[in-house]
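Visitor: The following feature annotations were taken from Swiss-Prot:
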ACT_SITE  Lys191  active site, proton acceptor
BINDING   Gly88, Trp90, Asp111, Asp127, Asp151  S-adenosyl-L-methionine binding site
Amino acid sequence: MKKTTKPPTGGYGGSGSHELYQRVKKKAGTIKASSRRWLERHLNDPYVHQSKVDGYRSRAAYKLIEINERYKFLKKGQKVIDLGAAPGGWCQVAERIVGSSNEKPSVVGIDYLHVDPLPRVAMLEMDFLHADAPQKLIETLGTKPDVVLSDMAAPTTGHRQTDHLRTIYLCEVAADFALSVLKPGGHFLAKAFQGGAENTLLAILKQHFKKVYHVKPPASRSESVELYLLALEFKGKTKIQE
């Protein structure tokens, strides 16, 4: 796959984006200052521009690309499950790397939000926290995964510690799923928010994987508290787990 982790340093290009920017400026008095700042940052984000060029559905695709370029845990022929997949950027990246087909998809995503169909990717529209979700994922994939990805994050409240705890909970649920379904030697990548509560999860991951890392890829905004937990080379189920 073409290297795309160093997008142009300029703002979002094209006449369409310029027109949108002008509309944003004209309506500046009718929207909150925080919303206006977000729109202006979004329009000038080089990753947003590059995602249009490369055909990815979100700038988040580059977070996965950058992490994988460094640690090379996604490889051709693997089976992948993506939790919290909307709008589909991570599934696109995974499919392009591991290879897949419409008849027998190697990448399965799940989200309670609707995701428009993606070529060679199976998508389940359901809440991962539903009791039936884990079984549905394995049935759809047809085998145990080599990689479990999770970009799940709880809706933010504006209270940093609350947001941290809610997202860490989702990370813990994703990790529990990964520990129960991964093939030996498999890998797990999940979003977390910095705040301290991730230390317990890190300790658990270190028991079950040979290598565990904190990762903050360049595509993750510097002011964001998000980071990613990457656990490599699953040791396999212990007798207690079994």
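Even glycines carry a Cβ here, placed using N, Cα and C.
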Visitor: Using a 10 Å cut-off, grab the number of neighbouring Cβ atoms around the Cβ of Gly88 (S-adenosyl-L-methionine binding site), all chains included.
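Guide: Gly88 (S-adenosyl-L-methionine binding site): 23 neighbouring Cβ atoms within 10 Å.
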Visitor: Which has the fewest other Cβ atoms within 10 Å: Asp111, Asp127, Asp151, the binding-site residues listed?
Guide: Asp127
Visitor: Helix, strand or coil at Asp127 (S-adenosyl-L-methionine binding site), per DSSP?
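Guide: Its secondary structure by DSSP: coil.
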Visitor: Check each residue in the chain of Trp90 (S-adenosyl-L-methionine binding site) that is at least six apart in sequence and keep those whose C-beta is under 8 Å from its C-beta; list them in sequence order.
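Guide: For Trp90 (S-adenosyl-L-methionine binding site), the qualifying residues are Ala60, Ala61, Leu64, Asp82, Gly109, Leu149, Asp151.
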Visitor: Round to the nearest Å and give the CA-to-CA distance linking Gly88 (S-adenosyl-L-methionine binding site) with the residue listed as 'active site, proton acceptor'.
Guide: 15
Visitor: Taking the Cα atoms as reference points, how far is Asp127 (S-adenosyl-L-methionine binding site) from Lys191 (active site, proton acceptor) in Å?
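Guide: Asp127 (S-adenosyl-L-methionine binding site) and Lys191 (active site, proton acceptor) have their Cα atoms 17 Å apart.
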Visitor: Quick one: what's DSSP say for Lys191 (active site, proton acceptor), helix, strand or coil?
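Guide: DSSP call for Lys191 (active site, proton acceptor): strand.
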